[in-house]
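Here's the structure, in structure tokens; my notes come after.
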């Protein structure tokens, strides 16, 4: 039995997995850098408000700059987690139907969490 290496090489080159993999890799790195920058803001915010009352902290959170940074932090962290969970699911789940279902569930969970967070931020007292 002779194994056809040429057919396998052509098959692997014709699939666009390398392009999507590079894009996925780049997205993970970009979201990681954004999260690192946002974590500096979060650490600064925690240290500057460590002795304040909860009402003062909530008032600080309602400033537009802090709301925007907080929304960016939560959204990017959830998107970063979706990217990571997708890699884990694709690597360890062999059944295609289950794999696709789990990826959709993870994406929906993160979308619902982002929407709930936005509603909680803008509709809090």
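Backbone N, Cα and C atoms are what each Cβ position is placed from, and that goes for glycine too.
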Residue 55 vs residue 90, membrane side identical per Swiss-Prot: no
Which same-chain residues, if any, lie at least 6 apart from residue 92 (ubiquinone binding site) yet have Cβ under 8 Å of it: none
The topological domain 'Cytoplasmic' (90-99): DSSP-derived helix, strand, coil residue counts: 7 helix, 0 strand, 3 coil
For the topological domain 'Cytoplasmic' (1-24), the mean pLDDT of the predicted model: 62
